[in-house]
Amino acid sequence: MESYVSSIGSRLQMLTTSDHASVVSMNLFVALLCACIVIGHLLEENRWMNESITALIIGLCTGVVILLISGGKSSHLLVFSEDLFFIYLLPPIIFNAGFQVKKKQFFRNFMTIMLFGAVGTLISCFVISLGAMQFFKKLDIGPLDIGDYLAIGAIFAATDSVCTLQVLNQDETPLLYSLVFGEGVVNDATSVVLFNAIQSFDLTNINAAIAWDFVRNFFYLFLASTLLGVLTGLVSAYIIRRLYFGRHSTDREVALMILMAYLSYMMAELFYLSGILTVFFCGIVMSHYTWHNVTESSRVTTKHAFATLSFVAETFIFLYVGMDALDIEKWRFVSHSPGTSVAVSSILLGLLMVGRAAFVFPLSFLSNLTKKSPNEKISFKQQFIIWWAGLMRGAVSMALAYNKFTSAGHTHLRGNAIMITSTITVVLFSTVVFGLMTQPLIKILLPHPKHQSRSMTISSDPTTPKSFTIPLLGEGQDSLDDLGGHDIDHPSSIRSLLTTPTHTVHHYWRKFDDAFMRPMFGGRGFVPFVPGSPTERNSPNQWH
């Protein structure tokens with residue numbers, strides 16, 4: 001009996017020690033997050049540094065310190081988890097991107113963005129897969145089948161939309177921001193959908209039927225994910241408009257918006273769809289309808305809440321990637337053949353540069369053929385920056401690589417370890433080198449007019465996270481209504497659809513939106529009011 005009690009006591013003591021170690025790790029990690037915020041603020045005016053690179057470097061330095069303290073046993077405080085990344089960290093980043101994006105610029109360039117994000121990703125994946133198949137066979141990295149090579153293509157075709165947010169400014173370079181960022185989100189979604197499709201099909205014995213099923217499954221995931229995001233956003237707008245929670249509690253409005261946004265992502269995962277696409281388009285729809293249906297204080301609160309959650313998640317990701325880059329377990333496998341690891345990393349870097357060039361310049365040429373105004377065409381300098389800014393690889397590539405080449409964050413095969421360490425090397429090199437050079441390149445190739453005042457830049461669009469220093473509510477709110485301007489003649493024939501498709505589609509969209517969507521889902525122009533209040537008595541209708 002005494003031995004039984006003592007064994008229980010020792011187990012409890014071990015659990016207590018383990019819990020305490022977790023608490024210590026979390027304390028240190030939160031302290032590092034605070035340090036990233038403070039240092040990032042101090043480096044705000046630095047033309048070379050941005051918060052992503054700052055967090056990455058702090059993570060690397062912390063990893064070195066932990067590695068020295070632990071005697072070379074470990075370099076990180078937390079074990080990498082795909083669930084942590086895909087379920088908790090990625091949703092607020094992508095949702096806020098859709099919620100804050102300049103819809104006017106995004107939808108004006110929608111066809112180009114989809115061309116880059118979907119078709120471009122497929123081209124890049126094909127180029128990287130084909131190149132890896134040719135070069136890796138000459139290196140001794142273990143057996144890889146066609147499914148592995150296609151998975152490598154999908155992994156390294158995924159650009160880092162998070163870092164793009166940091167290095168581009170949507171007020172200074174609206175076209176570039178819209179194209180690179182919009183492409184980045186669609187690219188991430190396409191890469192994840194493509195990766196999942198590759199994983200779910202046996203591609204060792206591929207034939208026409210399997211190829212057709214693969215393509216059909218890919219487009220089904222793409223369209224279904226988008227529709228689910230739009231539907232969830234409309235449901236949230238309808239509920240908040242009809243019930244108007246603000247008359248009792250603004251907290252309920254804010255809570256419902258946050259939960260409905262997260263629900264869209266989780267529903268996509270539940271139905272095996274792309275959560276990235278779903279939550280992105282949910283953010284766009286909620287900013288167009290739902291956000292205008294809540295009270296004034298709730299609008300300010302939700303803007304701050306979504307931006308803050310996104311910012312913390314971004315910092316968390318880069319901080320962890322920096323620490324995990326020095327994971328001794330993975331590097332131990334490649335220590336006997338460092339030349340192979342360097343060769344694989346170099347080949348992958350070269351392939352992703354070639355793969356991106358293979359679609360940016362040709363697709364830009366095709367896009368320019370459809371543009372009549374010289375101002376709408378993508379110049380060669382802009383094409384070069386689009387190519388350069390999209391070379392950064394980040395957490396999506398890391399998470400997909402871990403999914404493919406590790407088991408619960410650990411790897412015991414040399415070939416898998418080489419692929420993981422090569423992915424880490426590519427992510428670090430591309431983020432630091434390409435990320436550091438992007439802003440100086442923009443200043444050299446596309447110098448911003450110096451006479452424009454800072455106040456003008458900040459107040460140009462109240463929907464951006466950096467515009468919280470001015471009132472968030474006002475006539476400057478970016479909206480789908482502003483797409484194409486008000487000086488466009490009403491289209492009256494198919495000819496106008498062919499000559500000015502964006503303006504024509506927008507004209508009919510506005511008519512449909514005003515006639516059917518807004519009366520049901522609210523949106524800009526809908527003014528919430530408390531029933532029985534002077535607002536209701538003085539305003540017989542809610543539209544003006």
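Note that Cβ sites are derived from N, Cα and C of the backbone, with glycine treated the same way.
Of all ranges given (144-164, 417-437), TrEMBL attaches the label transmembrane segment to 417-437.
Three or more CB pairs closer than 8 A are found between the transmembrane segment (303-321) and the transmembrane segment (20-43), so contact between the two stretches is assigned (pairs 6 or more residues apart).
Between the transmembrane segment (55-72) and the transmembrane segment (270-291), the number of CB pairs under 8 angstroms, six or more residues apart, is fewer than three, so the stretches are not in contact. In this chain, the transmembrane segment (417-437) does not touch the transmembrane segment (113-137); fewer than three CB pairs sit within less than 8 A of each other, excluding pairs fewer than 6 residues apart. At the 8 Å Cβ threshold, with sequence separation of at least 6, the transmembrane segment (270-291) lacks contact with the transmembrane segment (385-405), having fewer than 3 such pairs. Of the Cβ pairs linking the transmembrane segment (417-437) with the transmembrane segment (342-365) and spaced 6 or more residues apart, 3 or more are under 8 Å, so the two regions touch. Most Cβ pairs under 8 Å to the transmembrane segment (84-101), among the stretches 20-43, 218-240, 385-405, belong to 385-405.
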